[in-house]
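As written in Swiss-Prot, here are the features:
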- 1-53: domain 'ClpX-type ZB' (DOMAIN)
- CYS12, CYS15, CYS34, CYS37: Zn(2+) binding site (BINDING)
- PRO114, THR115, GLY116, CYS117, GLY118, LYS119, THR120, LEU121: ATP binding site (BINDING)
Amino acid sequence: MAKKIDNKALSCSFCCKNQNEVKKLIAGFSGFICDECIELCIHLIEEERKSNLAISNYSKLPPKKIYEAINAHVVGQQQAAKILAVAVYIQCIRFEHRELADLVAKSNVLLIGPTGCGKTLIAQTLAKIINVPFAMADATSLTEAGYVGEDVENIILRLLQAADFNVERAQKGIIYIDEIDKIARKSENPSITRDVSGEGVQQALLKIMEGTIALVPPQGGRKHPQQDFIQIDTTNMLFICGGAFTGIEKIIEARTSQSTIGFEATVKSKHDQDYNQILNNLEADDLTKFGLIPEFLGRLPVIATLSDLNQQSLVDILTKPKNALVKQYQKLFELDGAELIFEEEALIAIAQKALAKKTGARGLRAILECVLLDTMFELSNLKNMQVIITADIVKNNLKPIIKPKLQKKSVKKKVTA
């Protein structure tokens, strides 16, 4: 503990607080430091240690562990989870053995699947598993440089913001670009007219996806032209692109079907093959015909197709993941002393509604909100009550059944001396 010198109050050399304003003041050779500054330094060192530990330790996760972690949150996409687990493991190896970075190329991923099948959730889950910064962008808002819209460099800015402007961490992050199918060029053949939101964006993304030193404006692209740029190397960033690619199944069917005429022709029904079976025959040429340029596809060596969710998959999504929707609502009711019960038939009815609306898993929450809205409004008055949801309530928009909770009988234990 520092003492007064010549009856003058001593102060911290860092925060300038005097010894009367802090609990302890420790003297050094030529200065003083207070207990508050020491705690702050310890906190900063610990945060830095955790950051470095996260970057170095995630490489030890084998593909099987990554696969299991994805399946704990994402339902019905086992094949896609396996493909992504291997791709991320390769990234981890590149980080652990830097000398292999030039020898082993990174595995950027293209996710193809219908809306609401879990593309975005898989990318978010991956970032959490390996504890790296994550940023998401919408391809529809991107335009070629010099036109009204968002520059591709702004995607990297979002990742930098997610990493608290720690460039080292940002350079090892994951970027997910959604709606990538919306930047397909308008025709299969190159056009004379400029396609600034289609092929132009694909061309702009080529360099940052392959790996380059990008100049990122810390305050956003065009509103602050005089700002200093931050240099970020995108070589080790993992890019995951996702899209529904509506209509690509027709391109695949046109390629795979052998058209014959006459009495020996095989007549196929449109329902002979479902969406998932058709996507299993996907080839790079099909994506080129859809509108992705070959150079852009070359930067996405790993292609994973996600299955269309059926009724059972949607029921599983409601109940099985760690953060399942039913578990979330049951916890909210529990906090107010109420009990929420879903009958099995009610869960099936919710899944059927989502299938009818063709919104996939994304539509489940909206349906639950509609079913539980009035009950949630009165939740604070439902202490010690049971709220039961049946199939009839879901189908006909009826009010939930509310009745007193069953009291558990307490069993008295005989105490022997």
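Any Cβ shown, glycine's included, is placed from N, Cα and C.
Keep in mind the model is a prediction, meaning the values are calculated, not measured.
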Next item on the list: Looking only at C-alpha atoms, tell me how far THR120 (ATP binding site) is from CYS37 (Zn(2+) binding site), rounded to the nearest Å.
Entry: 41
Check: Given the Zn(2+) site residues CYS12, CYS15, CYS34, CYS37, which other residues of that chain have a Cβ within 8 Å of the mean position of their Cβ atoms, reported in sequence order?
Finding: SER11, SER13, PHE14, CYS16, LYS17, VAL22, LEU25, PHE32, ILE33, ASP35, GLU36, ILE38
Check: To the nearest whole angstrom, what is the C-alpha distance linking THR115 (ATP binding site) and CYS12 (Zn(2+) binding site)?
Finding: 58
Note to self: If you count other CB atoms within 10 A of each CB, which of PRO114, GLY116, GLY118 wins among these binding-site residues?
What the structure shows: GLY118
Notebook entry, point to check: Where GLY118 (ATP binding site) and CYS37 (Zn(2+) binding site) are concerned, what is their Cα separation in Å, rounded?
Noted result: 45
Next item on the list: Using the centroid of the Cβ atoms of PRO114, THR115, GLY116, CYS117, GLY118, LYS119, THR120, LEU121 as reference, list every other same-chain residue with Cβ within 8 Å of it (recorded ATP site), in sequence order.
Entry: GLY113, GLY242, LEU306, GLY360, ALA361, ARG362
Notebook entry, point to check: To the nearest whole angstrom, what is the C-alpha distance linking CYS15 (Zn(2+) binding site) and CYS117 (ATP binding site)?
Noted result: 53
